[in-house]
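Read the structure below first, then the notes.
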Amino acid sequence: MTWRHIYRNVNQASKYAKLVQISNTKESCTIQYMPKRPSHFISTEDAFGRQDSQQEIPKPVVYRTRHRGMEVIQDPFTNRGAAFSWDERERLGIRGLVPPKVQSFDVQAERVLSRVDALHDPLNKYDFLVSLLDRNETLFYRVLIDHFQKIAPIIYTPTVGLASQKSQVIFRRPRGMYFSKYDRGCMNTMVYNWPQEQVDVIVVTDGSRILGLGDLGANGIQIPIGKLALYVAGGGIDPRRVLPVVLDVGTNNETLRKDPWYLGIAEPRITGDEYFRFVDEFMEAVYSRWPQVMVQFEDFANPVAYPLLEMYRDKYLCFNDDIQSTGSIALASILASLRVRGLAVKDICKERIVCVGAGSAGLGVCETIIQCMETEGLRSHQAYRQFWLLDDKGLLGRGRVGLTPTQARFVRDDLQDGSSLEEVVRTVKPTILLGLSGAGGIFTETAIREMTKHVERPVIFPLSNPVDHAECTASQAIEWTGGRAIFASGSPFDDVEYQGRIYPINQCNNVYNFPGMGLAVTACRISHITEDMFQAAARRISSLSGEDKERLFPPLSELRNVSLQVATAVAEVAYEDGLATAEPPRKMTLHQYLLSHMWQPQYAPLVPL
């Protein structure tokens, strides 16, 4: 049963419902209530709003807005196309401004899907869906949540990479905020230009390392926009409380600098102390207005990614997605592969891991796995000896110069510096091959066939995005291992048919991780994000794959329930460590409490203020 109470004013509503939350801006006010009802009447739904006998979620009962007339239609938060009821049309002053037929939410969603199917070019599909997001956010998220496996690859990887490259061409209207190097000294006041009084999650990039595509400057704004859509769809974060940001410090992409349509600062990037002072001013400005906001760093180049994380991880509520989320989901993949191979979690200490890619993502993954090995009994120096890292010059060996402190911890003395992947595989006989290089096709047939000679079930994870930057394809891994590979990729691949058998292909996607992290942080008011939280998330994700022994993860169609599980695991760590300041009410479990904070895409009644 879904509880909805429609009231003309707040005073009348308060007679029957307990106020839970108010979100107020200059334009609108959302009032969310938990109905006052006897305990034996229980509204029960899961994270998708589906009926479930074990879970409860309060619903927003009214959305009050200061908009009237065309303002209602032009605001993507209040617009609902032809779905306005006759009462709403009358009281909001829009009678005659929308078609006379009242169209249902389901019919609207069906029409959107029909239009997506009619388009063939991925960028056209992306453009259409972003235009829907600009017009009607509720409908956009309804379609995304209900058809996640179909729509997510359009609004995020792999299509978002193409959208970032063409951002100056497809630009329609600004979304998010741009902080440029010419805004220095003004950021503390600039943040008040954002209309929302409360922001829970910020995703920020400087555009220096967009996926595997390199420096795209201000075009990188498409990545935070897409990432936050996944926070809303997967973690139930309120879309009015998210903010995409690009830090435009210039670009070293000569092609973009010469493009007259490019919308960013067409100058070389600022670097060194000047760069770090710029980011510092941004962080201080953001937290001066929104002290409890969670900031996710996204697609920062390796030379600045780790320093920024070390500067801010203990000072602010923040994390780096490429380092920490990627590490967590990669660890979850390895833990799930242990189950597939009939091994215990402690057997991770015996793995021999070759990682191609020694940038921020590769280092983050390896460091996360090492933390798990240490938990399972290895000493730090023993754990590092289980890894062989390669960059574009080959193996990180003794004598290599110019390494970061983190890279230096992985230097090997048992093989020559610069050894090729084939040489390393032949000598090491790895059980796991990780790809985080952004170099498409670098997992050669020779290397994988050599690996297969020594391992019954080779674990092969080409994790780079987008698809054409993957270290190998799913079909290559299956064919070259004779169907014995345990495979997961960063980009989506179709299941593979080989010798009359269908091999299910896993996607090792950060989206299993960060939406649940965001839900836990915002609902429980977690003050700092720790490595233990990412470890807990990885272990929980690895336990959710179900009965199918070849599947490492649940289907993405179940993402909201996965996020709820991840949020529960993260929150448990936060409460244990004393880092959560908001607790569930009495008689409500942690699971129910988190569920109650998940925003649902539905047309709550609109009432003018």
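Here the Cβ of each residue, glycine as well, is placed from N, Cα and C on the backbone.
Pulled from TrEMBL:
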ACT_SITE  Tyr156  active site, proton donor
ACT_SITE  Lys227  active site, proton acceptor
BINDING   Arg209, Asn465, Asn509  (S)-malate binding site
BINDING   Glu298, Asp299, Asp322  divalent metal cation binding site
DOMAIN    133-313  domain 'Malic enzyme N-terminal'
DOMAIN    323-575  domain 'Malic enzyme NAD-binding'
Cβ packing number for Glu298 (divalent metal cation binding site), 10 Å threshold: 29
Nonlocal neighbours by CB distance (under 8 Å) for Asp322 (divalent metal cation binding site), same chain, sequence gap 6 or more: Arg209, Phe297, Glu298, Asp299, Phe300, Ala305, Ser360, Ala361, Gly364
In sequence order, the recorded positions (Tyr156, Asn465, Asn509) whose C-alpha falls within 10 A of Lys227 (active site, proton acceptor): Tyr156
For Tyr156 (active site, proton donor), the number of other Cβ atoms found within 10 Å of its own Cβ: 24
Cα-to-Cα gap, Asn465 ((S)-malate binding site) vs the residue listed as 'active site, proton donor', nearest whole Å: 11
Residues that sit under 8 angstroms from Asn509 ((S)-malate binding site) by C-beta distance, when 6+ apart in the chain: Ile329, Gly490, Phe553, Leu556
For Asn465 ((S)-malate binding site), the number of other Cβ atoms found within 10 Å of its own Cβ: 25
Additional residues around divalent metal cation, ordered along the sequence, whose Cβ is within 8 Å of the centroid of Glu298, Asp299, Asp322: Thr205, Arg209, Ile210, Ile223, Phe297, Phe300, Ala305, Asn320, Asp321
